[in-house]
Each structure stands twice: as C-alpha cells, then as structure tokens.
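See structure below.
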There are 2 protein chains.
Amino acid sequence: MKRIFEIDPWKLTSHTFNKEDKRLQESMTSIGNEYMGLRGNFEEGYSGDSLKGTYYAGVWFPDKTRVGWWKNGYPDYFGKTLNAPSFIDLGITINGTKLDLAVNKISDFELTLDMHQGLLTRSFIYEGGDVRVKFEFTRFLSVVIRQAALIKVKATVLSGSAKIAVASGLNGRVYNEDSNYEEGFWDALGEDAGARSIQLRTKANNFGTPQFTVLLKESMRENNEKVEGTVKTAAGQLSESFTYDLGEGESFELEKDVIVVTSRDVADAEQAAEAQKLMDQLQAKSFDQNLADHEAVWAKRWESCDVAIDGDPDAQQGIRFNILQLFMTYYGQDPRLNIGPKGFTGEKYGGATYWDTEAFIIPMYLAVAPKEVTHALLEYRHEQLPGAFHNARQQGLKGALFPMVTFNGIECHNEWEITFEEIHRNADIPFAIYQYTRYTGDDSYVKDEGMDVLVSTARFWADRVHFSKRKGKYMIHGVTGPNEYENNVNNNWFTNTMARWLLSYTLERWPLADEAAKKRLQVSDDELAKWQDIVDRMYLPEDKELGIFVQNDTYLDKDLRPVSSIPADQLPLNQHWSWDKILRSPFIKQADVLQGIYFLNDRYTKEQKEKNFDFYEPMTVHESSLSASIHAILAAELGKQEKAMDLYKRTARLDLDNYNNDTSDGLHITSMSGSWLAIVQGFAGMRYNEDGVSFAPFLPKGWTRYSFKINYRGRILAVEVADKVKISLLSGADLTVKVWDQEVALKEGQTKCLKD
Amino acid sequence: MKRIFEIDPWKLTSHTFNKEDKRLQESMTSIGNEYMGLRGNFEEGYSGDSLKGTYYAGVWFPDKTRVGWWKNGYPDYFGKTLNAPSFIDLGITINGTKLDLAVNKISDFELTLDMHQGLLTRSFIYEGGDVRVKFEFTRFLSVVIRQAALIKVKATVLSGSAKIAVASGLNGRVYNEDSNYEEGFWDALGEDAGARSIQLRTKANNFGTPQFTVLLKESMRENNEKVEGTVKTAAGQLSESFTYDLGEGESFELEKDVIVVTSRDVADAEQAAEAQKLMDQLQAKSFDQNLADHEAVWAKRWESCDVAIDGDPDAQQGIRFNILQLFMTYYGQDPRLNIGPKGFTGEKYGGATYWDTEAFIIPMYLAVAPKEVTHALLEYRHEQLPGAFHNARQQGLKGALFPMVTFNGIECHNEWEITFEEIHRNADIPFAIYQYTRYTGDDSYVKDEGMDVLVSTARFWADRVHFSKRKGKYMIHGVTGPNEYENNVNNNWFTNTMARWLLSYTLERWPLADEAAKKRLQVSDDELAKWQDIVDRMYLPEDKELGIFVQNDTYLDKDLRPVSSIPADQLPLNQHWSWDKILRSPFIKQADVLQGIYFLNDRYTKEQKEKNFDFYEPMTVHESSLSASIHAILAAELGKQEKAMDLYKRTARLDLDNYNNDTSDGLHITSMSGSWLAIVQGFAGMRYNEDGVSFAPFLPKGWTRYSFKINYRGRILAVEVADKVKISLLSGADLTVKVWDQEVALKEGQTKCLKD
C-alpha cells in the first residue's frame, strides 16, 4: 500500500515529487475522453524511469501469438494495446539547460487532477541558481470535441533573466514496453511541415486485420492568437520551436491545440482536411471557453452520478476517482468501443474487453448513466457476433462463443485455461441483456438483436454440454470458473448454473421475440426441446449435508482450510506460491459460487446464501480486483456489516492506495465499479427486477452520511442514508420504491424520510 | 504413409531421388555414434527444400522461455537442441557448374544406409551434356574414435573431360530452423588456416548454464596420403580447395577426415592439440582399416541383439532399423548423456531426455546390451539429482522432482500441463532401478546411489499427496497421466499407483541400504511411518461394477464411446479436433491405466487385465508413438494374437513408412524400442523377476519364424520361434528358464526344442 496523493473530496493533489513513484503518479493522473487517453507523462519529457503511454480507442495491433506448444484452436494473434503517437510534448530549455524533473532542482511542486473538471494541472519553480522560473502546465482532453487535446504551458521568470526555448512535438516514434523485441508498430506515412501534421500507419500484419492510419495535427496559440514557430520534421516526427527572452517578472503562455483523427472514422486521404476542420472548430473558441464547455459536460454527468460520503474523506475521494476514471474510459459514445481492463492508463493486458464489462460495470452504468450507454455496450457484442461464431467454429462447436479477450470479436488471447475453458463468460455476457431489460423496462433489444445473442449462445451451450449416461445428467467438463486459481475443472457450479440460466431465459423470451428475429434465427422445435431437456437435467453439484453448492466436482476432496491458516508472509499467494500449489489449494481467487448467488440473487433463500457465504468466503483470498465488491454486497445483505465494510475497503481505493502494488502498470479500470456496487447494492441494498427497485440501507460504522443518485426509467432518484434514510424523486414520473419492507410512493420533487 | 526405401533385410536402399521427399530421406539416413550425429544431408550441398542438421551430444542452448502469461514456477529457459557446425561439406563444380541435385540432371542414383556397418553411401551419374561424371560418396561416424567423421568422394569421368573443383568446408554459420527470430546461436572464436580448424562458442546466456566451445579440424587424403589444398577462412568458416583436370575414364578419390572436440571433454585452450592427437590416431590407419574397426564393433553389437524374422521382410527391415538408430544414439559410452526423442536426427523437442528412456527403452537395453549401458542411464539421473531438488523447490515441494524435459536436470520445458502436472515420471524414472535390479540381479546400485534417488523421490511424493478428510484417503490432485489428451485431472490411477509403488519399494529397500547411504539420507522413523500410511491409505479409483481401475476421478462421467465411432476423416484427432474437444473426449492418446498394468504386470489377475484392456483399448487412439507397443504386449498376453499383430504393425515401421506423417522432422528415436518390446515381451511373452526369466511365445500369423538373442546375467540366450520353440544357451552358466508352464534347464551350448 502506498498513497501519493493528498485526501480531498474533488481533487488528487500532490505537493511532492518522488522519482521512485513516477510510474504510479503517471497511472493515477491518466486522463481520457473515450476517444483517446494518456498517462500522466510530463509535457517537457522526463529522463528517469517512466512509462510513456498514449492510447487511441480501438487502435490496436495483432501481435503474433507465441506459445511453447501449439494446439488446434489457439488464436493466431494476440491483440495488443498499442502505444500510439504522442502529442503532449513540449520540450523546454532554460538558458540552454533542458527542463527535466529527473535532473533539475525544483521547488513548490504541485500536481492536481481535478475530478470535477477532468483537468490536469502542474506547477513548480525551476531553480537554476540565480534564475528561477515558475512553470504551469494545464491539459485536458475535450469531451465536446473528442478529437481534441488542449495543452498550455505558462512560464514566469521570478528572478534573473531567461532565454526559454519551447519545442512542441508530435512524435510517432513510440514503442510498447511489452513488445517482444523492441519492435516498433508504426510506419511513418509523411509529415506536413506547413500543416503541422504527421501521419502514420500501423505495420502490416498477416492476420487479415485492418491497419490503422492516424493523423496528428497541432496549432499553437498565444493569448488566443495563432502563432507559428520554426518547424523541423523527421520520419514520423514533427517539432515546432519558439523562443522567448524574458526578464524578471516577465512571462509567456503558449497553448498547444491538437487534433487526432484516425482511419476508424476518416479515410486516410481525408484525414488532413478533417483535422483542419476540427482545428478550426476548436480554435473558434479560446482555451478557457473550450474548458468551460468541457466542464459543463462533466458537471452534468456528476449531477446524476455523484456519491457523497460524510465522515470518511478517504472513501469520498476514492469513489469519485473511480467514477471519473470509468467515465473517462467509456460513456457510450461509440458502440464499437468497450472498456479495457487498463483503459487508457497502460499497455498491460491485450484486448479491449473482458467479461468484466458485463459482470461488473453494466450494473453500475445502468444506474448512473443514461440507458443509451449500456445499450451501446450491448450493441458492441451484437456487432461482434461474427467473431463469436468464428470462435465456436475454431473449437469445433456450434453457435457463438464470445471471446475472453478481443478487439474485434475474435478471441485473441492464448492462455488455454482462460481462453477456452473460462467459458462462463458466454452466459455472463448475455446476462447483461437480462439486466438491461429488467432495469430499464425496455424490451426492444431482447426482442430483436438481443435474441440473436441469446439464441446463438444457447446453441453453443447446447453443443458444449455432454450427457453423462452414468449420472443421467447433462454436464460441462473442462472449464475454468471465475475462480482462476483452479482450471480445467468439471461441473463448475457457477458455469453450469449460468449456462442453464441462459437456456432457460432464451426459452422464456423466444416466444416474445420479434417476427423478423424469429424468421432470421429459425429455431426448430427440436432445438427448443433439447434446450428444455438440458434445463431440466443439468447437473448442479450440491452437498446436502453442508447445505452448499459445490464449486466443482472434486472441490470437497481438497485439503479444505481457511485463508487465516496461511502465514501472512505468504500472501498474496500469486506472488509467493507456485502455480502448482495454488491450483491444488482450496483457496479461491474471486467469487465463484457466490458470483452466481450474486447474479441470480432472488432465486436463493437467505439460508442458502448464508451457508455458502460462510463456507466459501473464509477460503477466498480476493486476489482479483473483482472479488471484494461482490462479497461486500452479499455480506451486507446477510447483515454482516463489519465484514461488508472490510471488503468494501479493499475495493474503494485499490489504485489510490496502490493496494495490489501494481498500479504503476496502469489503473484497474474494470474494477472501478466495485466500490460503487458495494455502497449502492451493498450498504444501501439496492435490488431491482421487472417490477421495480428496492433498498435495504444501513449506515456503515464511522460514516455519518452517504448519498447517491440513480437514473431509473427516466427518473432521477436520490437516496441519502444517515441516522435516517431519505428518498427523493428529483425528476420523472411517480414511482413507488420499496425500502426494507415499506412501500414508499414518491411524486416528482418529493422526499420521504424513513427509519429502520 | 509413405515408403521411400526398398525392402532389404540389412539395408535401406533407394534408386530414385524425389525432391519432395528430401527431408524424409534426410531423417531416415541420419547416422550417429553417440558422440555426434547428422541428418542425411548431401555433402555437395542442396539448394532445394532440406533440413540441414548436425548435432553434438550434450551441446545445447538455453533459449528464453516465451509464454503468454507467466506463472510462478515456470522455468526460465527452454533447452534447445542445437544445430551445430557442419563438417561434411564438399562443394563441387564440374566445368564451372555447381553440383546440386536440386538442379542438375542425374542418372543411376543410389543411396544406401548399410545397417550392419552403420555406413552411408551414395552414387549417381552427373549428366552434363557431353560430360558424364560418376560420383560416389561414402561416410561414417566412427564408433572406435568417437570424435571422428570419415567422408570420401570419388569422381570418375565417364565421357568427355571435366575440370572438377572440390571445396571441403567446415561451417559454423548454422541456424536452428525452430529459432524464434533466425537467431544464430554460435560465435566464431577463430580459424586456423594452417591447422585446418575452426573454433566456435555458443552465445552467452543469462541463465547460468555453461557456454560450449567446439573445435572442428579436417585433414584431406588421397590414396591414404595427406594432401593440402588452398585454404580460405571467414568468421566461423573454413574452406580448402582442390582441382582436378580429368579426361575420359580418369578419376580421383578424395578423403576428408574430421575431428570434433568440445569443451564437454577438452578445455578450450587444449582443443587444438587434442584434435591433432586424435587426427594422428585416425590417420595412422587407412579409410578402409578405420571402417573395418568400426564395422567390427557393430558386428559384435549385432551378434547379441539381432532379431531375425522370416516370412515378413518389411518387419525384418523395420526391427533392424530401429535397433541401429537406437544404438547410434546411445550405447552407454558417457553417463552424462541420454536418449533424446529425436536423437541426432532433428531439432524438434527440446531437451536431451524425457521419461521415455526409463519407461520404454531401458526394458529393451537391459536385454540387448551389456548391463553397463543401463547402469549409465541410471547414473545419469543420479548425477542430475541436484537439478531435481531444484525443480521440487520451484514448486514449493520437498524432495526431488525429475524433469519432464532437460539437459542438465533442471526442468526446461514451459508447458504447464506437461511440466508440472505430468509428474508420474517421478515414479517411472526410479522404476528403472527396480527393473535393473530385478533383471540383472545386481543390487549394488539400489543399495547406494539408487537409494538417493528412491528416498529423494519418496520425499517428493509424501509432500505432493494431500489427505482428503472427507474420503479418509491420500489423494494426488492436478496431474496429467500418460494420456496427455486429458490434463489437470485428479487421482489418475496410474500416477497414484506408481507413487504408491515408489513409496512401497523405498520402504522395502531402505533396511537393505548401505550404511553410508543410510547415514547420508537420514530417513527418520516418522518419515517411514508417514510413507507407510500413504501406502496404506492411497486412493486408487476403481469401479467394482465394471471391474476396472478408473483412469481418473470423473473419467466415467464422460461421453464414453469407442474410437470406431469417430469418422475416419477426423483421425488422427490431434490434426483434426480442437484441443478443447480432445481434452473433453473419452479418447486416450496412449496407455494410461494399461501402462500401470504393464509396469506392475505380476500384481494383476488375468481377469483384471482383460477387463481393463477391453474397456480402455477401444477408446485409445494410439496417437503417441509410445502407445501401440504396450498394448501389443498386453494383447499378446491375453491371447488376442490378431490384435497384438495389428498394434505391433503401428510401431514396427513408424518411421520407415512415415506412419505419422512427421518423420521429415526427424526420427522417433525413443519409440524405436517399441517393435522390439512387442516381439520379445509380446509375441515371445518374455517376463522376468528376481528369480528368473520366462517366455510364452506364439508365432504370429504370416510369419514363418522369428528369433532373437538376449543378455541375461552374463549369458547369451537365443530364442527361436517357428512351428516349434527352440531355446539355446549360447554362452554362460547353467540356467533354467520357464517356457509356458515348463521349466527348461539349459547348459552352455545346449538347445532345447519345445512345442506348445
């Protein structure tokens, strides 16, 4: 655990600069606008240890898969998150000395990420003997003109006089740190000194996936007036120089406006013109006006999603940071995009999406963002159905298998036990359709495109099960459950339960599907009968004596013992134990049986929940960032308030406190919904079904108050939990909600106050 | 299936040269002398598709392990079989035209591997319009001076006149075809034009394994007189040129003598002097004398190991080819060496040894070679105990874990489900001690070094098992059995049985160990008691109703069906099915339960053997080259003579008929004992224990006679099976053997004739 930013409700601020925390600082001050994003690298460059990273959404590279021993069905390529051409560079010299915080003496350092504005600022005083210069940097990625980055540097000579040279750069000579042989993945297409632009293309590949072309353009302003410096170019690079001779007290403020367009939206030949058009649009307003527009969008978002916590400033900062980072990664703008595990904050993990999106993020997005945001995420999977059919075919199976890791729908990860065993995703991903439909009450998706997804995955499952003659049951062998600390297990209760759910839900929705969908999908009576038979005779391992569902066939034969029996210096297991020892141990990485109980919460009795929680939680090491929140929610439901709080704490400031000691690689974007879920579904006990929404709130020990807002079927509801519980219908039609066992009828503008 | 050599009892001969079969031809005409070996590449070079390969025993390269996702315990490096500097090169031009069989017109081609001599010859007529030249090449690797290769080319002008230039080369610029980035693994150390030598060293590595230095030296002779040509050198290369102007009917014969020394035996600085010494020794005799010496050694080997088959010339050729290739790979000369899966015939598979040696080759070597050969193989493992301790420690386990793949004892393969799950090897490898002791009657090894191996592996097993409280049994979870078409299974019957055997045998032998060994090993009473408890309470899955041992915990839940239910065009499965489908199928790659019954043959009743064979064999696809022979032996024992013959045929000419369509990569060296085992242990029913040796022969349909010889405790026994069975004691002390249920007492020189 390491905390480098000060506690503040709306800001990440630091007044110290520690070189050894540079990567951590960079991860935490990453900013993005869904279209692109970058780590908190310094504009002037930095010669010390640093991870330079700029990422354009949906721009990736298919890197050759390398494995020790090839097996039929392995994907040909691994989708690599691509470090993209950098546009923030503002190289600076002061009287010939390079500005470089790894080397220079500085004072009065301040670095702030304003979470309300999505704005990054930095200032410090350069101490060059007699010469002291104050530098102030400001930057943001516009959420209004998504192709635009706005960067500003102000320099003020505090003492002495200084000749300050600024070289504004666009730089396509970038590399992935995780590449196998320091390969570059970009080819320069050309530089246009006059237009201040460079164009590049990703290297050719043999996998039939598209090459991407990008064009970066800059234009400089001083006091809102365009200025032009001296331009130099090299392959894939452009640099524009400005020089200032300043006496004491004098200053300059140079603004760098950047436009980035890519072949995802604009054909190669039209990119220059499109960039010019966008630059004109951007420069029709001043920096401050553009910032105000940007901030207004953020303000509107915060209005309907903010969570306020009194009595726990750490928690307050944590939840806002998580919401900010999620929204900077994805807000439904482009249904071709999704939420990668590191978002725009690092290059680790390939692919743009995992099952994390549907399982852990959609439940939050449904409540905090307009329903179109979630709808776009559903569309993403529908668009990728051709890839999913390909994946199933590769395994010799019918129907569609959604990938574990992908950019384009085709599985691109090569770890067998994950890619082709962790197939529970093929029910979890469609489960989002069920969640969307139940929460929004909008069944237009499930009747049409959603039915394509349901039937195609149902066909996969019907082929993937086999019938055990000996047991007279359908079984699913050779899977990895959510607990990735076991693999190739048989009859994982969660996987079997979710596969059965998928078939059952598809059977339930099929008669209600649009005629066009029915015609398109041609489900035969035999198919329906087969699905029903699987639903009726699916094997779901259970131990009646213990009163629990059994994680998988031979789990109970293990040397069962609690995590408390492991010496503290052997935790986390994944850093101390061999993989062999981990796999054979009873210890659980993240919710597995309990994930199923979380998903299908209304199907299990309190006793069932309790017995399973009490059995499995003590053996769970929570070494996935996705684990603690689910457990916190169930603990809260079972009245284990202290346990719920303990678990919540593991998710609330995972990155801010560098809990897993790996935030320097980038943020855990897809885990960021965890603290929201723990508060809203956990502490406040929010549940929903077709008929409505309910709460069962409590106030965690130490907190004096917390409140949050949710979108619900066109309304904004506010919930405040203190010594009393207040529910307000801020906008929208009349609504009755349930709080504990009370029906609370609300009219627009009305607040009701309740006590347990 | 493809056959490119003619049928002949003692020769592989071909009179046609097909370019598309070049790699296959190269594999089959590989020669070796334990110290080094090479594929059947052409001396003059070949510009078409070809796999150039020269290999020096024990000279390897630790290549960086590449995997998608690292796990604790993975080995750092993969031991690569290293393509080594080539010494056969004799580049030839005729009137300026390069001799190149990929391009030139030729006639009267003949290529012969003489199996009795271990000699490779090739001749053809070069047809250059009016100029016709006959070329004859001869080469062998001496089994007398193991560092020596002798190569001869004779050219005779049949018509016209020819200026023939010969460039004899030593070439260290060689590459592995399986390298990741066409990396070279050799650095040139220097060339000595005067001494006709080059010296090279393997590249530096970060893994702390030694770099190897090699020195190659050539010396040319004509008519037994040394001759010197014009020498040119380049880094890592040397070329010596000779020119001949020949009229019609004229010829020359040029002999190339080569010495190869390596840092395994000779320090870098002494290699030049040592090579000179060996060259002098070699050149003290003529080519023909050296060949005669070489052939005499082979003749002696054949005398005590030959198998003769009448009525089936294909089988006759097959068994001799297998014996030849095995003996060219290993004959116990150097206990630091072992038998790699491709021997000296290809670069596929890393490592020098697998469990194949102990499980499949030692049972044959015990009978066909002096006991010292097997003893050297036992010593090899004892020498590598430090590596085995390292392997166990890497997994967080006690004792010693012999590697799946290694050069130096340290596991160097990175496929988790093989390397750290297929641990049955850790009982199979010590099982060779039991076999050696029972066959030879020599218990000196098991009392001393062998006890180190037994106790160290016993300690591993005692830590690797766990106790299932629920079942009150010791279990072994997370293994891969010999059937590699399943992995990460629990309680593989074979693994549990062999682990239990290991503990039980160690307990049995411990009291008889040498005092020094006891003192060294310090086995406590608690340890002995624990081992006994595991022996007593080991879980061995069994199905009483079916009367079978169960392959692993949930095997019987699979969709059980015979191989005959698979459409023929889907076989072999590993070329047609996805890995997912294979893993979940009931189909068995190679003997698993039946391997255990084969190993511990005298512990099971005929009924047990029959029920298990009838249950498992129909589900076995025999897609490992190690499978058919074991099944053939059991089928023979069970009186299923036709089945035994069918299975035998799959092993007898595996490479000669390119049965698996992969012989172009190299020969299946470690499977080559299979046909011998099928004949001797199968058709002739040979068995042995502490008390003696027995036979239960039958004559397979279509054969008129077969005979073989075995070494047995200082004797040579000959067995002939025709319409009658004849047993002869060719040499050695009186012996009584059992044939069927008859006790046959033999004196030296005596033959007894029996009938069933």
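Residue numbering: from 1, along the chain as shown.
In case you wondered, yes, glycine gets a Cβ from its N, Cα and C as well.
What TrEMBL records for this protein:
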DOMAIN    A:14-264  domain 'Glycoside hydrolase family 65 N-terminal'
DOMAIN    A:320-676  domain 'Glycoside hydrolase family 65 central catalytic'
BINDING   A:Trp355, A:Asp356, A:Lys589, A:Gln590  substrate binding site
ACT_SITE  A:Glu484  active site, proton donor
DOMAIN    A:686-746  domain 'Glycoside hydrolase family 65 C-terminal'
Integer mean pLDDT for the domain 'Glycoside hydrolase family 65 central catalytic' (A:320-676): 96
Site diameter for substrate, Å, by largest Cα distance between A:Trp355, A:Asp356, A:Lys589, A:Gln590: 16
Filtered recorded positions - A:Trp355, A:Glu484, A:Lys589 - keeping only those with Cβ under 8 Å from chain B: none
Distance [Cα-Cα, Å, rounded] between the residue listed as 'active site, proton donor' and A:Lys589 (substrate binding site): 6
Conformational class of A:Trp355 (substrate binding site) under the three-state DSSP mapping: coil
Neighbours of A:Trp355, A:Asp356, A:Lys589, A:Gln590 excl. site residues, C-beta within 8 Å of centre, substrate: A:Tyr354, A:Ala359, A:Phe360, A:Pro482, A:Glu484, A:Ser624, A:Leu626, A:Ser627
For the domain 'Glycoside hydrolase family 65 C-terminal' (A:686-746), residues assigned helix / strand / coil by DSSP: 0 helix, 39 strand, 22 coil
Cβ neighbours within the same chain of A:Gln590 (substrate binding site) - under 8 Å, at least six residues apart: A:Pro482, A:Asn483, A:Glu484, A:Thr620, A:His622, A:Glu623, A:Ser624, A:Leu626, A:Ser627, A:Ile630
Spatial neighbours of A:Lys589 (substrate binding site) that are distant in sequence (at least 6 apart) but have CB under 8 A: A:Pro482, A:Asn483, A:Glu484, A:Tyr485, A:Thr620, A:Val621, A:His622, A:Glu623, A:Ser624, A:Ser627
Neighbouring C-beta atoms (10 Å sphere around the C-beta of A:Glu484 (active site, proton donor)): 21
